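*Asks:* I'd like to ask some things about the structure below.
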């Protein structure tokens, strides 16, 4: 009857066919009909100020206090401000895509959730698995960075009290960090209390950090005007390393903007997601970009870029002008920035674990929501324990690149999901197999209605039929004169059939075009980044990739977007502009950054992803909530909901 039962018993293709089908099965957007059965919902407590606190706090880490020196010395020179601006614009492309999807699909899980709806279960699993690694390592790395900064207030690197100081254990050849583990446990406990309480604390900590940056901007501007901005009067000019150096600096500082995606992970807890999520993401990113640019304007102007200290650029710039005491304010800002970033790193992961468990891909243990706090306490405690253990025992600096892989993969898939939403949104809805009788009944009704339409058409040919259902056309009669003949509704049926065929063709063209566009972006960025390839091979691959990318952009621009995009998910939210150009540029930038992360990083990430594949094959695939889902045309879904009268999960 045209309905597809997605089970592993795929007769003709066997086990392999079942595996392939499981990778591409998609779930639907949570709606009034679709609720988390047997699970309590998260508390809807967040508004725009809360989201800004989460976004700014997760994005502005202590890295900015170091990054300005390293990038200015090695890449950008005085043009560091332009590097931050370009990186901010590149990050904004992903932010636009996140804003549309988060307002249309406001549920926990962020990029994992969007990928599951638009792409398929296999890709969604890998994105969720990569994000788990990102947030765990990211939180651990941030926690281990706090104790050196905290030690400054006690008189130096080795001045912390004995029970808090780092200790080297010869037998294990490791350096344990009690402060890191203690702070992770404190933040974990705070997150278990409630989303509103933890966000309030994060807002206070973030405010202190922003105040420290404002101090740098105001005091630095005063010093700059008093001393004549010596950093801008160099013979090398504004672009000391040329435009290429400035662009290389942009690629480096791009990672300073990672963090605004934490806002999207709280979508289920936002009071008015269609309005507040786009505003929260946009305002948080704008504030971060403005602060980054103003700090960089001041610092590279106070001191020549080549004299900046790579480790403490801001402190050394103020000390150069006799303001050694400013180090206390700057270090306090760095400590607050790290604490805020730690909260931002530990906040999204429990919600991703919860979303994956709700979908059956992880044990149901992770999907439990505490009745009183309305927080996924079990997932939060598991996340905190893992991050605290890693922060206590292991120096994760060498693993820092792995954090970027998860984020960039998520950014890429979110941009692809926007293209899918606009051109080939899912046209089938999954239902539990327990509703098979209802589905068959509705299917039979549609089938009977279709036959009745054709029967009425046949009757009308012999004089029957209502004038309201007939089309009057003028036709020649026996070649002598013209007469008015009533044409039956079968004309309408044929027109509808032609429309359906035309629409199916458009969807196929759009789907393949999106696939070729992604392949073209990969080929172009890979060949452009790999200098070891022979010149002819490199330019050939670049040409093929560029041609595919241009072809995809032209075709997607010329063909119409799917009308179903208007009814997809929750309406009334943010609409990403300049589609398909904006998502395609976003895909290109993120794939370029992914390829340039280095072989060592990809080797480590590959090990983690292989583990994830094994977990999915032996557990997630066979426990998925879509294991025996019945897929029906989206146009039939509302009637099935009404007929069943159930709240479906």
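Heads up, residue numbers simply count up from 1 along the chain you see.
Keep in mind that glycine also has a Cβ here, set from the backbone N, Cα and C atoms.
Because TrEMBL annotations are produced automatically, they should be read as predictions rather than curated entries.
The shown structure was predicted, so the numbers you read here are calculated from the model rather than taken from an experiment.
So TrEMBL says this about it:
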type: TRANSMEM; residues: 46-68; note: transmembrane segment
type: TRANSMEM; residues: 80-99; note: transmembrane segment
type: TRANSMEM; residues: 111-132; note: transmembrane segment
type: TRANSMEM; residues: 174-193; note: transmembrane segment
type: TRANSMEM; residues: 200-225; note: transmembrane segment
type: TRANSMEM; residues: 281-305; note: transmembrane segment
type: TRANSMEM; residues: 325-347; note: transmembrane segment
type: TRANSMEM; residues: 375-393; note: transmembrane segment
type: TRANSMEM; residues: 509-529; note: transmembrane segment
type: TRANSMEM; residues: 535-559; note: transmembrane segment
type: TRANSMEM; residues: 571-595; note: transmembrane segment
type: DOMAIN; residues: 574-624; note: domain 'Cationic amino acid transporter C-terminal'
type: TRANSMEM; residues: 601-619; note: transmembrane segment
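Locate each feature and note its surroundings.
*Replies:* Within its own chain, the transmembrane segment (174-193) has Cβ neighbours under 8 Å at 139-140, 143-144, 146-147, 150, 160, 163-168, 201, 339, 342-343, 346-347, 350, 370, 373, 375, 377, 380-381, 383-385, 387-389, 391-395, counting only residues six or more beyond its boundaries.
Residues 48, 51-52, 54-56, 59-60, 64, 68-69, 72-73, 76-78, 80-81, 83-85, 88, 91-92, 95, 98-99, 102, 210, 213, 216-217, 220-221, 223-224, 227, 229-232, 234, 240, 253, 256-257, 260, 263-264, 313-314, 316-318, 320-321 of the same chain sit 6 or more residues outside the transmembrane segment (281-305) yet have a Cβ under 8 Å from a Cβ within it.
Outside the transmembrane segment (535-559) by six or more residues, the chain places 419, 423, 506, 509-510, 513-514, 516-517, 519-528, 580-581, 584, 588 with a CB less than 8 A from a CB of the stretch.
Under 8 Å from some Cβ of the transmembrane segment (571-595) lie the Cβ atoms of residues 90, 93-94, 96-97, 99-100, 102-104, 251, 254, 273-275, 277-278, 404-405, 408-409, 411-412, 415-416, 418-419, 422-423, 517-518, 521-522, 524-526, 528-529, 549, 552-553, 556-557, 561, all in the same chain and six or more residues away from its ends.
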*Asks:* Would you say the transmembrane segment (601-619) and the transmembrane segment (111-132) are in contact under the rule of three or more C-beta pairs closer than 8 Å, pairs 6 or more apart in sequence?
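*Replies:* Contact criterion met.
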*Asks:* Which sequence positions outside the transmembrane segment (509-529), separated from its termini by at least 6 residues, show Cβ-Cβ distances below 8 Å to it?
*Replies:* 416, 419-420, 423-424, 537-539, 541-542, 544-553, 555-556, 559, 562, 584, 587-588, 591-592, 595-596
*Asks:* Counting Cβ pairs under 8 Å that are 6 or more apart in sequence, does the total for the transmembrane segment (325-347) and the transmembrane segment (375-393) reach three or more?
*Replies:* yes
*Asks:* Could you please provide the mean pLDDT value for the domain 'Cationic amino acid transporter C-terminal' (574-624)?
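*Replies:* Taking every residue in the domain 'Cationic amino acid transporter C-terminal' (574-624) and averaging pLDDT yields 93.
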